[in-house]
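Visitor: Encoded as C-alpha cells, here's the structure I'll be asking about.
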Amino acid sequence: MAPKRPREDGGAGGGEGKGKGKGKGKHEPKPKPQHNPKEEHAHPRKRFYRARAHSNPLNDASFDVPTRPEDFDWGDHFPELHQEWTERRAAAATAAAAGEQEQAAAAGAGPSSEEEPPLVRFVDIGCGFGGLLVKLATIYPDTLMMGMEIRDKVSEYVRERIAALRRETPGSYKNCSVLRTNAMKYLPNYFRKGQLTKMFFLFPDPHFKTANHRRRIINTHLITEYAHLLAPGGWLYTISDVPELGEWMKAKLDSHPLFERVSEEELEADPAANLLDKSSEEGLKVARSGGSTYRNVYRRLEKPRQLPASVAPAPAGLKATIPTD
C-alpha cells in the first residue's frame with residue numbers, strides 16, 4: 001500500500017483558509033484585549049462571601065486580641081493616616097531638636113512630637129456587609145471609624161470592598177476599616193475609656209428564645225461597658241425590625257442611669273440617624289418589603305441621672321421593675 005502523500009499548504013481540504021485562498025501558515029493577528037480600568041477597581045461580589053445570618057457570640061472562637069488598646073497597631077487599618085501622623089511627628093521632632101518647636105507651634109506649623117496617633121471614634125457593631133460604614137466614611141471624612149464583624153467571610157467581604165473603594169477614589173475611604181472580632185467580649189481590648197463618640201447597633205440578632213436573651217448585644221451589663229467606652233455626649237444608635245427586640249433595647253437603655261433618649265428633633269438633624277434604616281442590607285430588605293423599623297438612640301450622660309420610680313431598682317424584698325437579662 002502506497003504511503004499517503006503529505007497534504008500541501010493551501011490544498012483541497014487543508015488550511016484554515018479553505019475556499020478563501022488563504023494558506024495554513026497565514027493567520028490574521030488577534031485583536032489585543034482592551035484595557036478596562038474598572039477591572040482594577042472591581043468590587044467583591046456578595047454571593048462569594050455568604051455566611052449564616054447570625055453567629056453565637058458566646059462560642060469560644062479563636063481571635064488574636066490585644067491585651068490593652070495601646071498594644072494594637074491601627075496602622076494596618078489606616079495606613080495613609082498613620083503615615084501622615086508619622087511624618088508630622090518626625091517633622092516636629094526635627095524642629096524640637098533645632099530649637100524651633102515653639103516658633104513652629106506659634107505659627108501653626110503642626111503638632112508636637114508627643115502627638116498621639118489618630119484614634120477610632122465611631123464603631124459599627126455587627127457591621128454586616130459594611131453599608132453603613134462606607135456611607136459614614138464620606139459624611140465624616142475626618143473621623144476614623146471601625147466596623148466589627150464576627151463572621152469571617154462577611155468581614156473579608158467588607159475588607160475587600162473598602163480596598164476597592166480606596167483604589168477607585170484615591171484619598172477617600174481611608175478613614176474606615178473592618179475588624180473581625182467578638183464585640184461582646186473584646187471591646188475594652190481595643191478602645192480606651194471615653195474614646196468613642198458614636199456606637200451603632202443595626203438590626204442585631206433578636207435571639208428569640210428566652211434562654212438565649214443573654215446573647216443579645218444590648219443588655220444591662222453590656223450597656224454599662226458601652227457607657228465606659230463612650231465619651232460624655234456620645235450617641236448610641238439602635239434599630240430593629242422586630243417589635244419585641246425594639247422594645248427590649250428601649251427598656252434596657254431607659255433603665256440605665258448613664259443614658260438618656262435623644263429627641264426626634266435632634267435625630268432629624270443628625271446625618272447618621274437618617275442612615276440607620278436605609279444603609280445596611282437588612283434595612284434595605286425591610287424597606288423593600290414595606291416593613292416597620294424601631295429606632296432608639298441615646299446620649300451618654302456625664303453624670304448618672306435620677307431614674308423615674310417606674311424603672312428604679314426596687315427596695316429589698318420587693319420585685320424589681322427593671323427588665324432582667
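Placed from the backbone N, Cα and C atoms, the Cβ positions cover glycine too.
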Visitor: In TrEMBL, which of 221-241, 305-325 is tagged region 'Disordered'?
Guide: 305-325
Visitor: Taking the Cβ of each of the recorded positions and counting other Cβ atoms inside 10 Å, which one has the highest number: D205, E282?
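Guide: Checking each of D205, E282, the winner is E282.
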Visitor: Using a 10 Å cut-off, grab the number of neighbouring Cβ atoms around the Cβ of I150 (S-adenosyl-L-methionine binding site), all chains included.
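Guide: For I150 (S-adenosyl-L-methionine binding site), the 10 Å Cβ neighbour count is 22.
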Visitor: Counting only residues 6+ away in sequence within the same chain, which have a CB under 8 Å from the CB of S280 (S-adenosyl-L-methionine binding site)?
Guide: G128, F129, G131, L132, L202, F203
Visitor: Report, as a single number, how many Cβ atoms besides its own are within 10 Å of the Cβ of G126 (S-adenosyl-L-methionine binding site).
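Guide: That number is 24.
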Visitor: Between G126 (S-adenosyl-L-methionine binding site) and D205 (active site), how many Å separate their Cα atoms?
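Guide: Computed Cα spacing between G126 (S-adenosyl-L-methionine binding site) and D205 (active site) is 9 Å.
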